Amino acid sequence: MKASIYDFTLKELSQLLKPSFRAKQLYLWLYAKYKTSFKDMQNNFSKDFIAYLEQEFTLRTIEITHVRESVDGSKKYLFKSLRDNHTFEAVLLKMKDKKIDEETNAILEGEKYTVCVSCQIGCQVGCAFCFTQKGGFVRNLKASEIIQQALLIKEDNNLPIEKALNIVFMGMGEPLNNLDEVCKAIEIFNTGMQISPKRITISTSGVADEIPILAGKNLGVQLAISLHAVDDKTRSSLMPLNKKYNIECVLNEVRKWPLEQRKRVMFEYLLIKDLNDSLDCAKKLLKLLNGIKSKVNLILFNPHEGSKFERPSLESARMFADFLNSKGLLCTIRESKALDIEAACGQLREKKLSQQI
């Protein structure tokens, strides 16, 4: 089976292709011009070189099979692997962006885009509140399949080449259980799609053994920890992984995470009605995160088929956030984008091609 050209970093292609400058030319065609056929690259390459590329590599290995758009402008994408027909989802989040013109001080309004990518088909972690785990675990995604999610979404929305994207590994799967492919994808996002590591966030359920390995790679990405509870009993009931890596174990590794000045580790906290949304929980969370340069992102539980949990009121979420902010712990409430198309946090899963998304 031919390798996908999207699986190769710039360094790897430079070592593989002769002369080595061909690698940069090829990257330009792939990531700046969205070319999906080697024959479309004839301006730079000889017929012999194109024949070599066609013999050794393939290009697109996934395709968009369905798109569903939310009233807020967000879109949920169903992708299909062209190799094994398995499906997975990703989401484009569209938000308003305001900037101040340095010369005129005028407020400039625009739009910013975040792509929530998947790194696995299914998930091994088995969080009780997450719809992804109901489909079971199928396999890891390759770097090329991660990259193509963002590439195809950008192409589908006619976003200019120079339009910066934010990338969040918050789709299907646990990034630290597919760390090699995730790290390779991050390198390609940076050198190929020109996405700064500062615009990339890896969200983990807390695979503590892998956190120092990720830190040692010095990728410069943002780290987010899915905490969701303030005691081990509750967290273990929500996240079975906690029985192996409890709260103390995870926080010990987070304390060692290298932070740039002014940067913080994000803690994601899913608020579930009458389970972890009380003021007492907020007080315990404040104590847990003492000494960690952090911020808390509250997420109101997003309902899905078969779930026993309930979404808390916005009022209780605001009380929770107001308490933490009043004590100096930065806390925000995440806006539930794409809730109407079941593309919000915890609502993605593999679907059969006959299913509607």
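Just so you know, glycine gets a Cβ as well, placed from its N, Cα and C.
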**Matching residue for the S-adenosyl-L-methionine site, where Swiss-Prot names GLY173, GLU174, SER226, LEU227, HIS228, ASN302 - out of SER196, SER203, SER278, SER326** = SER203
**Message:** If the S-adenosyl-L-methionine binders are GLY173, GLU174, SER203, SER226, LEU227, HIS228, ASN302 per the record, what's the largest distance between their Cα atoms, in Å?
**Reply:** 19
**Complete:** One of the binding-site residues CYS123, GLY173, SER226, HIS228, ASN302 has its Cα closest to the Cα of CYS116 (disulfide bond), namely GLY173
**Prompt:** For CYS127 ([4Fe-4S] cluster binding site), what is the tally of other C-beta atoms lying within 10 angstroms of its C-beta?
**Reply:** 20
**Request:** Report, as a single number, how many Cβ atoms besides its own are within 10 Å of the Cβ of CYS123 ([4Fe-4S] cluster binding site).
**Result:** 27
**Item:** Surrounding CB atoms that lie within 10 Å of the CB of SER203 (S-adenosyl-L-methionine binding site), all protein chains
**Value:** 21
**Residue with minimal Cβ packing [other Cβ atoms within 10 Å] among the recorded positions CYS116, CYS130, LEU227** = CYS130
**Item:** Cα within 10 Å of CYS130 ([4Fe-4S] cluster binding site) - qualifying recorded positions among GLU89, SER203, ASN302
**Value:** ASN302
